[in-house]
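A short worksheet on the structure shown next.
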Amino acid sequence: MVTAPPREAGETGETGRRRVTGRPRLVAGLLVGLLCLLLACAASLAFGAESVPPGKVVTALTDYDPTDRDQLVVRHLRLPRTLSGLLVGAALGLAGTVMQGVARNPLADPGMLGINAGAALFVVIGIGWLGLSSFSGYVWCGFVGALLAALLVYGVSAVGREGATPVKLALAGATTTAALGSITGALVLSDTDTFDQYRFWQVGTLSRTADIVGQAAPFILVGAVGALLSGRFLNTLALGEDMARTLGQRVGLVRAMGALSVVLLCGSATALCGPIVFVGLVVPHLVRTLTGSDYRWVLPYAAVVAPALLLTADVIGRLVARPSEVQVGIVTALLGSVPFILLVRRWKAAEL
Amino acid sequence: MSAVVTERVAAARASVRGTRRTRQRREVLVSAVLAVLVVAAFVGSVLYGTRTVSLGEVVEAVGGGGTRGTYYLVVELRLPRVLTGLLVGLCFGLAGALFQTLLRNPLASPDVIGISAGASAAAVVASVAFGLSGAAMSLSALGGALLAATLIYLLAWRNGVSGQRLVLVGIGVAAALTSVVSHMMTRSSAVVAQEARIWLAGSLNGRTWEHVGTLLFAAALLLPMTVAAARSLGTLQLGDEAASALGTRVERARLALIGCAVALTGVATAAAGPVGFVAFVSGPIARRLLGREAPALLPSALIGALIVLVSDQVAQHALGSNQFPVGMVTSIIGAPYLLWLLTRANRRGRGG
């Protein structure tokens, strides 16, 4: 007991020192991340099935001439696509981080936990049964589906003795995805027109028109602000539920707010671009290796790194199969499964 | 004194023997009842349909007599379909029970851990990219299942394979493979995609004697192998350490059993597509009927057959004028059961 005070002082001194040296480094890192994001945006505008000279890309943005075909491509196809990549990437990165924080579970990811599948099912119901054809119509279906699936998966896995462990959550998510997917499959099977729309939507693609991207933007921005503000609460929650409660945090309220922003982010991102897996799972882990576990830094980093990676994946998908393309959802699923499996392998069996 | 001890030991032995006998009696009884039900479902499926035929007509047709119409209906249409359903059900039920017992997890069925996804991806690539159909497509499905299983096993290998790591790696691989399926669907015409979709849902439509022959041959090969390999299942179920202490070569025995289960899944998937959730629900239902935790391979296989036969009748005749693929019915029955099972497994603090 006698040695306790000096050790405590040493610890605060150390963290204090780390903060002084750490913060400029973290800010600098964030700036580098922003630079990478800008480069990814530039690549997304510059490369595609059609080759457009770089000069024309710049003129299309600064001095737009609607009669030039190349400028038309940049302005009407690549610009909205880049914007939707930015929005969806940030949404998925933030949603994944918040989910991992709220569920205190390293495997939480909107794609793995069936949230995308829930949104997909309800979007199909919206297209097929309610006859919705505009984004503003079926985005609400996406929200409802995302919310219900999140409640279902989390509820099912949290019932037991040890609460929602990684394995339980992943299994509940995978089985819910399978179950919802087969219901979706049954629906689209009996309706060829809906199926034809759905099969292109379900792969996850960023090519959307500008007005649809504009309609999704407010939802994602509100969700993103909510997520970015939650860093402090997630830090407290990371200490454990009991500790957080002792420190005066209203755990239930924080969880509800976190879930709300996740549903806003995932529901609108999925309704906009279709289900995209692994981005929300991998990005937070990647970011944590740079920032440490402080959610106040993990969140903004994730919001920058995730869209940069998503746009890069999209550019790769456009370039590997010219003149056609591989949709971004496929590229992320294929590339993202590698870090996921590495993550799983790194844990000891006992931790899982 | 020693007489008392001997008496007590004898009494204990008698009670153990008694319990064992009751258990065996129950297993025999359950299996017998299930076998009767399977036979009833089989005969019913042959007799009833859009045109009902009598048992006498069936016997006549099989013997080569009767009218031409009846012969065509019974021998060319119904018998191959029903036999395929029976064999596929047996294989799926057995494979599911094997996986669940081996990985000691009620949720680890080939549908969940990516083996069906491997078969589906290979089949869709074969049909869409290479224009294969029929036996060639089935063979590629089998190859896909084996390849996916090998991949998952190798990726999960780390000083041996832990059940939970295998499940998680499987979920990751399944996500990547599912995206391949989605991608292939967007690259094909709507008609081809719709056909692939029906196969992906699991269908017994238009099965011929060729299917039955291949399936029979494979089953005749695999079933004895499985029975032989399953001798070590009882000790494996006690846990890796206990099993190796009891003299079982854990990795070798597990590899043999997984090999059998994968081959069964692949063969069945090749014949009828991934009929959803049959492998998943058969084992738990069997264990419930027996009232204890046991491998219960025979009852599981019979339940699988029963589910497929009854579901196919429902899919063909009970859902209005539309004929649905059998996998859709099994999925819609299986999905809610699966989620209910998940909450129960969790409440007991085990599995999931």
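Cβ from N, Cα, C; glycine included.
In TrEMBL this protein carries:
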- B:28-48: transmembrane segment (TRANSMEM)
- B:82-103: transmembrane segment (TRANSMEM)
- B:112-130: transmembrane segment (TRANSMEM)
- B:136-154: transmembrane segment (TRANSMEM)
- B:166-185: transmembrane segment (TRANSMEM)
- B:212-234: transmembrane segment (TRANSMEM)
- B:255-282: transmembrane segment (TRANSMEM)
- B:324-342: transmembrane segment (TRANSMEM)
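Sequence-distant contacts of the transmembrane segment (B:136-154), counting only residues of its own chain at least 6 positions beyond either end whose CB sits under 8 Å from a CB of the stretch, comprise 110, 113-123, 125-127, 161, 166, 169-170, 173, 177, 199, 211, 214, 255, 258, 262-263, 265-267, 269-271. Taking Cβ pairs closer than 8 Å, the transmembrane segment (B:255-282) reaches residues 84-85, 87-89, 91-99, 102, 107, 109-112, 115-116, 119-120, 123, 137-139, 141-146, 149, 153, 198-204, 207, 211, 214-215, 218-219, 222, 225-226, 229-230, 232-233, 236, 300-301, 303-304, 307-308, 325-328, 330-331, 333-335, 337-338 in its own chain, all 6 or more past its ends. Long-range contacts of the transmembrane segment (B:28-48) within its own chain (CB-CB distance under 8 A, at least 6 residues past either end) are made by residues 54-55, 58, 74, 78-79, 81-82, 85-86, 286, 289-290, 298-299, 302-303, 305-306, 309-310, 312-313, 317.
Note on the transmembrane segment (B:166-185): residues 103, 105, 107-108, 112-115, 117-118, 120-121, 124-125, 128-129, 148, 151-153, 155-156, 193, 196-197, 200 of its chain, located 6 or more positions outside it, place their CB under 8 angstroms from a CB of the stretch.
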